[in-house]
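Pulled from Swiss-Prot, these are the features on record:
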type     : residues                                                        : note
ACT_SITE : C378                                                            : active site, nucleophile
ACT_SITE : H514                                                            : active site
ACT_SITE : E516                                                            : active site
BINDING  : S13, D146, I147, E148, K186, T187, K188, P189, T190, Q191, K222 : CTP binding site
BINDING  : S13, K186, T187, K188, P189, T190, Q191, K222                   : UTP binding site
BINDING  : D71, E139                                                       : Mg(2+) binding site
REGION   : 1-265                                                           : region 'Amidoligase domain'
Amino acid sequence: MSRFIFVTGGVVSSLGKGITSASLATLLEARGLNVTLIKMDPYINVDPGTMSPYQHGEVFVTEDGAETDLDLGHYERFIRTRLNRRNSFTTGRVYQHVLDKERRGEYLGATVQVIPHITDEIKLKIREGAGDADVAIVEIGGTAGDIESLPFLEAARQMRVELGSSQSLLVHLTLVPYIATAGEIKTKPTQHSVKELRSIGLQPDILVCRADDPIPQSAREKIALFTNVEARAVISSPDCKTIYQVPRGMHEQGLDAIVVEKFGLDLPEPDLGEWDRVVEAQLNPEHEVTVGMVGKYIELVDAYKSLNEALIHAGISNRAKVNILYLDAEDIERDGTGVLESLDAILVPGGFGDRGTEGKIAAIRYARENKVPYLGICLGMQLAVIEYARHVAGIEKAHSSELNPNTPDPVVGLITEWITEDGQKELRSADSDLGGTMRLGGQECVLEADSRAAECYGSTHIVERHRHRYEVNNNYLPQLEAAGLKIVGRSADGELVEVIEVGDHPWFVACQFHPEFTSTPRDGHGLFKGYVAAALAEQKAHKET
């Protein structure tokens, strides 16, 4: 039977519940437990798949094709377990399932209400998400006091009663602000946040207090006194140089020891050697490179969260600090490519819509013609094909039917059908719903043995995660390949282009999938490690000339 740890937040949002949950999971996993994590989001959207990155940040895709909150990316980067669609759900998903059951008559004519029907559905999904894990850490989105979060908090309260104190814990994350004019930190917001939880029947077992600097013992004791929490269970969580320091910091304060004790478990101390090596490599780089990321959501770096982390991981593997220069594609479209001249490498990430398209294509052309290492991801591959078609293959009006439905040469077009992993045929048209209708999740890819991609992966057969509706149009492949474009990766059935390379270039690789979703700080990812290594080589060659 699984044990459950509920994680809530108070005072303000964006305190780091996801990092806290992932760090605790890391510590428990290092003690030998099978740990999983669940994220519950209180918005009405069924999933974040159709939400703007400006609203929600990155959409993280799981191996089984679920479009989820970016916190699941944190979870997978911190623990060894791969998550699935049961590890993330929203208010919208819960209500959708309850209403479907009502339509089918499963409630036998009862009046369907928030309590018990919505809360029962939430509890069911929590237990399904836990599966056979020893411990399930359940992060409740939002902030204590939000109306939207109340059904989730009520479900957590009920589960705590059902499970008992030896099978469930509540960790509450709060803010302890420093008031410069007073010259002191203030504990009152934390006290009121806990008071809010207690008013609905939830008493925290552990408080994790976020602050700029370590919280003095006297302040922790004061918080403990007024929140009915043990002083040792008031954990100080100051800002760190890197998020990968958080597990070690929490272990040193005894967070995992408190959890293990309260659950009545006898477990060995965690071995955090891998994490110490990650932190040491990240904070003590021997080299430094600058990567230009040409995108359209650069005002919000969380829109590229997994990508940012994957570059950091590749830097760790190469003992290099990777500086990311975020470049607005529309600026390049308007002002030209001069801003690219100081870069060691260029990257065009995924995205949707035509805004900034020509700026991205200009950046890709600059990378190709000036032999600058280039990595294209999803749309970044499609635009690389369009750029090559226009300027090398002589298809001057080449475009994507997504970005220009009237193009006479759609070298990138809508995928109208494909075969899923379970052998089912998926059919799509331009009129299909936007939500949940893409080619999603892990898909097999076969690489050419002599390709750079195969060299990076160390294999010719890989599985990577996808999130797209459009693909390279196979009708144009003969013309593109005749002009020198190398198709080095295809889907398992050979029908879809997955990876391209440019032969007469030191490192020009673009892929239809999202390799950033499977990169981790302890292992990195072959494609990103190869990319950063190429950037270092480019930098060295540039200095020598």
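Every residue gets a Cβ built from N, Cα and C, even glycine.
Cβ neighbour counts within 10 Å, taken over all protein chains shown, single out T190 as the most crowded of the binding-site residues S13, T187, T190, Q191. Spatial neighbours are here defined as Cα atoms within 10 angstroms of one another, and by that definition the neighbours of K222 (CTP binding site) among the recorded positions E139, T187, P189, H514, E516 are T187. By the criterion of other Cβ atoms within 10 Å of the residue's own Cβ, the least surrounded of the binding-site residues K186, K222 is K186. Cβ contacts within 10 Å of H514 (active site), excluding its own Cβ and spanning all protein chains shown: 23. Spanning the listed CTP site, residues S13, D146, I147, E148, K186, T187, K188, P189, T190, Q191, K222 have a farthest Cα to Cα distance of 31 Å. Per Cα geometry, E139 is the residue among the recorded positions D71, E139, C378, H514, E516 nearest to K186 (CTP binding site). Across the structure, K188 (CTP binding site) and E139 (Mg(2+) binding site) place their CA atoms 24 angstrom apart.
The number of other Cβ atoms within 10 Å of the Cβ belonging to K188 (CTP binding site), over all protein chains shown, comes to 12. Computed over the region 'Amidoligase domain' (1-265), the whole-number mean pLDDT of the model equals 96.
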